[in-house]
Amino acid sequence: FFRFIAKPCAINLGIQDSGPHRAQPNAILEKVFTSITKSPDGKRLEGLSKQLDWDVRKIQRWFRHRRNQDKPTTLTKFCESMWRFTFYLSIFFYGIRFLWTAPWFWDTRQCWYNYPFQPLTSSLYYYYILELAFYWSLMFSQFTDIKRKDFLIMFVHHLATIGLITFSYMNNMVRVGTLVLCLHDASDFLLEAAKLANYAKYQRLCDAFFMLFGVVFIVTRLGIYPFWILNTTLFESWELIGPYPSWWLFNGLLVTLQVLHVIWSYLIVRTAYKALVRGKVSKDDRSDVESSSEEEDVTSNSTKGVFSTSSNGSNRINGHVAGGQWTEE
């Protein structure tokens, strides 16, 4: 997919396979970077400044460039986002097409009638196995991708999702499981579309997709999910089949997802607020490329003895937006 579809698309959009500015070769700074610290404090910066006869600002800039040097290129990130966009969009429409004719899509009480003696059709099986395979791939790739600020939240999310898919399949709770999967896929492809627009430098399109993503995310995760999904798993299932040991685990995982939804919704609202104030989508709190403006703001305090390097600045959402532009994920 990367080689024959995503990369040609990126090249046609003018995205070059070039990374951030590379740091000037320096054996002393390289040794500090690899052996001691990637973000030296003020005292160490002063020592290096005297040793190299460089000013502190130049040394900070070197460390910033060196850290960014290891980041993936825009072309690589575009290809990754395009793959996720393609999957999320395809699986969402597959789910809608499948569920449109399913009785439990229109009446959630149908999820529990004759439970657990409900047939597993081939369409339902393939829907489940594709989603499970994809989330396992996200789980593994998280350890090879660049580590972000919300690494732990995403790790918990992937664990909960895989646990829910596997557990609901083993206990034949697949009807309500398909509703959960389709609901989550409804907003994910919009976020990936916003990132694709950002990498291609279509800022207005990026902002529009992100705002649309925010609206869909909040409506589905804070509205439909608790009042449609949790209502049937907590109350309708209790009424129709009663609680049993695995019922508590299943609903515990669903409630864990809802807690994550609240956290991500807060981050989305905060980013949208910054966008309205500044006129465009603001800095992504989960960004992986550091901005020079932050670094320079910090060094302006160097005369007071304050030396610190900026880490990333501010969060992406679920897997999400640099001073005037979306920061590249």
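Glycine is treated like the rest: Cβ placed from N, Cα and C.
Please treat TrEMBL annotations as automatic predictions, because they have not gone through curation.
Mean pLDDT, taken over the domain 'Homeobox' (29-73), works out to 81 on the 0 to 100 scale. Per TrEMBL, domain 'Homeobox' is recorded for 29-73.
Feature annotation from TrEMBL assigns DNA-binding region to 31-74.
Here TrEMBL flags 76-277 as domain 'TLC'.
With a cut-off of 8 Å between Cβ atoms, the residues of this chain six or more beyond the transmembrane segment (85-105) that come close are 1, 5, 111, 123-124, 127, 130-131, 134, 175-176, 178-179, 181-182, 185-186, 188-189, 192-193, 196. Summarising the annotation, TrEMBL assigns transmembrane segment to 85-105 (among others).
Per TrEMBL, the feature transmembrane segment maps to 125-144 (among others). For the transmembrane segment (125-144), the residues of the chain that approach it from at least six positions outside its boundaries are 87, 91, 94-95, 98, 151, 154-155, 158-159, 161-162, 165-166, 169, 174, 177-178, 181, judged by C-beta separation under 8 angstroms.
Cβ atoms under 8 Å from those of the transmembrane segment (151-170) belong to residues 128, 131-132, 135-136, 138-139, 142, 176-177, 180-181, 184, 246, 249-250, 253-254, 256-257, 260, 263-264, 318-319 of the same chain, restricted to positions at least 6 beyond its ends. Sequence annotations record features per position, and here TrEMBL assigns transmembrane segment to 151-170 (among others).
According to TrEMBL, the transmembrane segment annotation covers 209-228 (among others).
When Cβ-Cβ distances below 8 Å are used as the criterion, the transmembrane segment (248-269) is approached by residues 153, 156-157, 160-161, 163-164, 167-168, 171, 173, 180, 213-214, 217-218, 221-222, 225-226, 229-230, 233-234, 285, 315-318, 320 of the same chain, each at least six residues removed from its ends. Residues or ranges marked as transmembrane segment by TrEMBL: 248-269 (among others).
The region 'Disordered' feature in TrEMBL is assigned to 285-329.
Marked as compositional bias 'Polar residues' by TrEMBL: 303-317.
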Residue counts (helix, strand, coil, in that order) that DSSP gives for the DNA-binding region (31-74): 31 helix, 0 strand, 13 coil
